[in-house]
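Student: Here's a structure for you.
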Amino acid sequence: GPDPETSKSARQHHCSQCGKSFCWLNSLKRHVRKHTGKPYKCSKCSFALSSHLKKHEKTHTGEKPFTCSECGKRFTQSVHLKRHKTTHLGEKPFECSQCGKRFTQLEHLKRHKTTHLGQKTYQCSQSEKIYHCSQCGKSFSELGSLKRHARIHTGNKPFHCLQCGNYFTCSRNLKSHERIHTGEKPFHCSQCGKGFSCLQTLKVHERLHTGEKPYNCSQCGKRFISLGTLKKHEIIHTGEKPYHCTQCGKNFAQSGHLKRHERTHTGEKPYNCSHCGKCFAAPGCLKKHERTHTGEKPYKCSMCEKTFTHSGSRKKHERQHTGEKPYNCSHCGKSFITSGCLRKHERTHTGEKPYKCSQCEKTFPRSGTHERVHTGEKPYNCSQCGKSFAASGYLKTHEKTHTGEKPYKCSQCEKTFPQLARLKRHAQTHDKQ
């Protein structure tokens, strides 16, 4: 017969707020607290269950009574310690029946299975999303989720790094950030051995090996390896820019872009190269720079075997094959291959020059190589002949003298060129005819 816990006919207790039904009255009472507020109060936050309050209070006291016997790492809850121990054992007891992939935790297997079904990991009917953001209208099923979301608009960052003073909107982001200071990379790729400071970053990285792209854009059908990259892509279609600079009022589509921009005001460069000591405003910029020392080119074009030091260069290159130009200027309608090219172009309309040279006070519409005029620095080296260059663009142009590559083709006469500038100059000869 049907299980009384799961049979819909057995669910006699209904929520008057959202219509959700429950088998047991106690389950309904617990659920109703989402709507009415939460009875167990912390001085900073509130919780629906007393057990949740006790666990939460440890985040304020710093108490971590559960210690890993292998590495000494400490945890606030025993369940977190158990989960952590599986990273030492390498044990993956949970297997996907669809593709055979194995996981250390049941929750990870469940999340993975949704990629086969084409579902979002967490689904909630609109009737249950009763908390609405007054700023942008986004809806949430829980008050806590709305509060976390609201920090995007208010700029509230309650989690503080003791090492460098940076603030974060949630504790998970703070923990990941703290590993930049400690150098800890506890999560390792089983395919190539690469270490990561964040488990989610490892999961996304593993998809580079498997080719898995579980997230697809509902507008254009394009597929992505992570939810984050999908969300960034979707902004191309909506034009939304919810992140606001309090210094100059400029708006950004992504929080990372806002953070990077804010450092143009503060001059902060917290990320240091272990090879040469050079400082960078963003961790991504540091990673790209470090590859000039290591020569690593992990990103391969799916169409022509060419390899690149970072994924952005590969995407930009692949658009030369496809002809895709997804970024459109709101002033004149001109289209561009990358968002960076669009931003540079838009400054021809606005006249904005946000980058200031620390040596001579000269201002520029884009960050670049000007300061190297003063320092003489040439950090980009040709692997073929050893020649050095002040900018990566100059190195790329030079490398084509070795490879003979001419990727820029004239649509009028089929002639090819190693540089876009040469193609443009050539195109003018047709215009004059």
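Numbering starts at 1 and runs along the chain as displayed.
Cβ coordinates come from backbone N, Cα and C, glycine included.
Bear in mind that TrEMBL entries carry predicted annotations, made automatically and left uncurated.
Annotations for this protein, taken from TrEMBL, read as follows:
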type   : residues : note
DOMAIN : 40-65    : domain 'C2H2-type'
DOMAIN : 66-93    : domain 'C2H2-type'
DOMAIN : 94-121   : domain 'C2H2-type'
DOMAIN : 131-158  : domain 'C2H2-type'
DOMAIN : 159-186  : domain 'C2H2-type'
DOMAIN : 187-214  : domain 'C2H2-type'
DOMAIN : 215-242  : domain 'C2H2-type'
DOMAIN : 243-270  : domain 'C2H2-type'
DOMAIN : 271-298  : domain 'C2H2-type'
DOMAIN : 299-326  : domain 'C2H2-type'
DOMAIN : 380-407  : domain 'C2H2-type'
DOMAIN : 408-433  : domain 'C2H2-type'
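For each listed feature, how buried is it and what is near it?
Tutor: Along the domain 'C2H2-type' (66-93), the predicted structure has mean pLDDT 73.
Same-chain residues lying 6 or more positions outside the domain 'C2H2-type' (159-186) and placing a CB less than 8 Å from one of its CB atoms are 59, 87, 148, 151-152, 195-198, 270-271, 283.
For the domain 'C2H2-type' (271-298), same-chain residues at least 6 beyond its ends with a Cβ under 8 Å from one of its own Cβ atoms are 180, 208, 256, 259-260, 263-264, 307-310, 379-381, 383, 392.
When Cβ-Cβ distances below 8 Å are used as the criterion, the domain 'C2H2-type' (380-407) is approached by residues 292, 295, 320, 368-369, 372, 416-419 of the same chain, each at least six residues removed from its ends.
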Student: I need to check the long-range neighbours of the domain 'C2H2-type' (243-270): which residues 6 or more away from its ends have a CB within less than 8 Å of a CB in the stretch?
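Tutor: That would be 152-153, 155, 164, 166, 232, 235, 279-282, 284, 354-355.
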